[in-house]
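Colleague: As listed in TrEMBL for this protein:
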TRANSMEM  12-33  transmembrane segment
TRANSMEM  45-65  transmembrane segment
TRANSMEM  93-112  transmembrane segment
TRANSMEM  155-173  transmembrane segment
TRANSMEM  185-204  transmembrane segment
TRANSMEM  224-244  transmembrane segment
TRANSMEM  256-285  transmembrane segment
TRANSMEM  305-326  transmembrane segment
TRANSMEM  347-368  transmembrane segment
TRANSMEM  408-426  transmembrane segment
TRANSMEM  438-463  transmembrane segment
Amino acid sequence: MATDKVSIHGAWVSRWVFILAATGSAVGLGNIWKFPYMTGMYGGGAFVAMYLVCIALIGVPIMLAETLIGRRGRQSPVNSMKALAAESGGSKLWPLAAVIGMVAALLILSFYSVVAGWSLDYIIGMGRGDFSGISPQGAGEAFGGLTSDPWRLTLWHTLFMVFTGFVIAKGVVAGLERSLRIMMPMLFVLLLMLLGYSLTTGHFMDGVRFLFHFDSSKVQEGILAAMGHAFFTLSVGVGSIMVYGSYMPKKSSIGATVLTVGLLDTVVALTAGLALFPIVFAAGLEPSGGPGLMFVTLPIAFGNIAFGQIAGLVFFVLVALAAWSSSISMLEPAVAYFVERTGRSRAVVTSTLAFFCWLVGMGTVLSFNVGADAKFFVFANDGFHLFQWGAEGGKNFFEGIDYLTSRLLLPLGGLSFALFAGWVMTREAVRDELSISSPVLFNVALWLIRVVAPIGVLIVFVAELTK
Ligand code: TRP
């Protein structure tokens, strides 16, 4: 198969644009919101250490696998896997992994858009000064007021989905590449501004202590969480990185590129933690987990310290940007596939798929208010129900989709991609794509993809399901 061909959708001008795009995908709500509070919850430094190991042994190898499959296939994830399975005589079922990934990415987008929409609402709120001098109770009510209002949620969800569709519809170079060249530097500048602000609060060392104190009693609880998070934060397992890999120029080393993305993602997560916790402590608050940290605790903090309103505005613009550069990577695999399959224009395919995601997202919108009683995956005394209205346990629509995707579909996808690159593609094909000159390093990379990452995934997978 000719490996120097170019995807019909376009190509990045250099590997730097791939780094920009993959980092844009990776850096998102996972880094700014989830990582800081998980670190606080699971023993600080102990968690950070485990997380780094998981990134290196599982996340980066799967990212390598996705990138090299994409770059060799030069098509949407589904068609790339089809072509490569045919090239190496592998089973025709392999592309199914990319189909599942593509659907998972659309499902993630459906709720990601709703949560990202909250940050748009908070940009307005911060700009208007709604939070200045706010009490904890007031902040709780403000958040409750937002989530209990289906119309307001729908407005922001719709707007965010339109933003996402807009970039994708314009294409790989005119849409993605051009926006990412603006979004990503802005994101870094905003993050540094926030870090600078946090240094002036006088509580910087409290933040450092909170993030890095070593509580070894929590190591066991934290290891699974660290592995799961390594997946989510690097955006692997659904084909987002694969589709970006298919636009990568041939003459660039995948290994170094992917390592850079993993490193940047980690640096952003740590910086976000270092920027946020001192602000929380400066306001005399305790860091909390869950959505409360970002949408209740931080607004109280911003509302009660000097120049907090400006810092708060910067923060929510940062969150919205990070979410935007991630959301486009969830839509791209499916758009590339349906453009290839139907021959229709990007604009038509994008609008159709964005509408579908929007519709599914309405389930999430309603799960916070009028549809809170619609429960899925209910384990009750009389057995298991996939759906039950008003059940005690179970998960609402939002929690259900989050669970289905991050606990089941992502690990399954990541496992399949690693096995495919490691065992189905020929050694020569992998060597040709990775172009690592040192035989020792090549073997290390190959065995990470073949054995270490799959075993890692299986451990998390089984442990999560039997929990
Ligand atoms: N990595 C992003 C974050 O940390 C989320 C994300 C983007 C993602 N694309 C994805 C997660 C694909 C899983 C799969 O917020």
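Glycine is no exception: its Cβ is also placed from the backbone N, Cα and C atoms.
Unlike curated records, TrEMBL annotations are generated automatically.
Please situate the listed features within the shown structure.
Modeller: Long-range contacts of the transmembrane segment (12-33) within the same chain, counting only residues at least 6 positions beyond its ends with a Cβ under 8 Å from a Cβ of the stretch, are 63, 67, 112, 115-116, 172-173, 176-177, 180-181, 183-184, 187, 229, 232-235, 240-241, 244-245, 247-249, 252-253, 257-258, 260-261, 264-265, 268-269, 272, 276, 291, 293-294, 318-319, 322-323, 325-326, 328-329.
Counting only same-chain residues 6+ beyond the ends of the transmembrane segment (45-65), those with a CB under 8 A from a CB of the stretch are 22, 35, 38-39, 211-216, 218-219, 222-223, 225-227, 229-231, 233-234, 236-237, 241, 254-255, 258-259, 261-262, 265-266, 270, 414, 417-418, 420-422, 434, 445, 448-449, 452-453, 456-457.
Listed as Cβ neighbours of the transmembrane segment (93-112) (distance under 8 Å, sequence separation of 6 or more from its ends, same chain) are residues 28-29, 76-82, 85, 164, 237-240, 242, 323, 326-327, 329-331, 333-334, 337, 353, 356-358, 360-361, 363-364, 398, 401-402, 404-406, 409-410, 412-413, 416-417, 420, 424.
Within the chain carrying the transmembrane segment (155-173), a Cβ under 8 angstroms from the stretch's Cβ atoms is held by residues 7, 9-13, 109, 113-114, 116-118, 120-121, 179, 247, 323-324, 327-328, 331-332, 335, 346-347, 350-351, 354, 357-358, 361-362, 364-365, all 6 or more beyond its ends.
Counting only same-chain residues 6+ beyond the ends of the transmembrane segment (256-285), those with a CB under 8 A from a CB of the stretch are 15, 18-19, 22-23, 26-27, 30-32, 35-36, 39-40, 48, 51-52, 55-56, 59-60, 63-64, 67, 136, 191-192, 194-195, 197-199, 201-204, 206-208, 210-211, 233-234, 248, 293, 297-298, 300-302, 304-305, 308, 311.
Counting same-chain residues at least six beyond the ends of the transmembrane segment (305-326), those with a Cβ under 8 angstroms from any Cβ of the stretch are 24-29, 31-33, 112, 115-116, 119-120, 122-123, 126-127, 129, 131-132, 160, 163-164, 167, 179-180, 183-184, 186-187, 190-191, 193-194, 197, 201, 235, 279, 282-283, 294, 298-299.
Tertiary neighbourhood of the transmembrane segment (408-426): same-chain residues 58, 61-62, 64-66, 68-69, 72, 81, 84-85, 87-88, 90-91, 94, 97, 100-101, 103-104, 107, 228, 231-232, 236-239, 242, 446, 449-451, 453-454, 457-458, 460-461, 464, selected by CB-CB distance under 8 Å and a gap of 6+ residues from either end.
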Colleague: Near the transmembrane segment (347-368), which same-chain residues lie under 8 Å Cβ to Cβ, leaving out any that are not at least 6 residues past its ends?
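Modeller: Cβ under 8 Å, 6 or more out: 106-107, 109-111, 113-114, 147-148, 150, 153-154, 157-158, 161-162, 164-165, 168-169, 331, 334-335, 338-339, 374, 396-399, 401.
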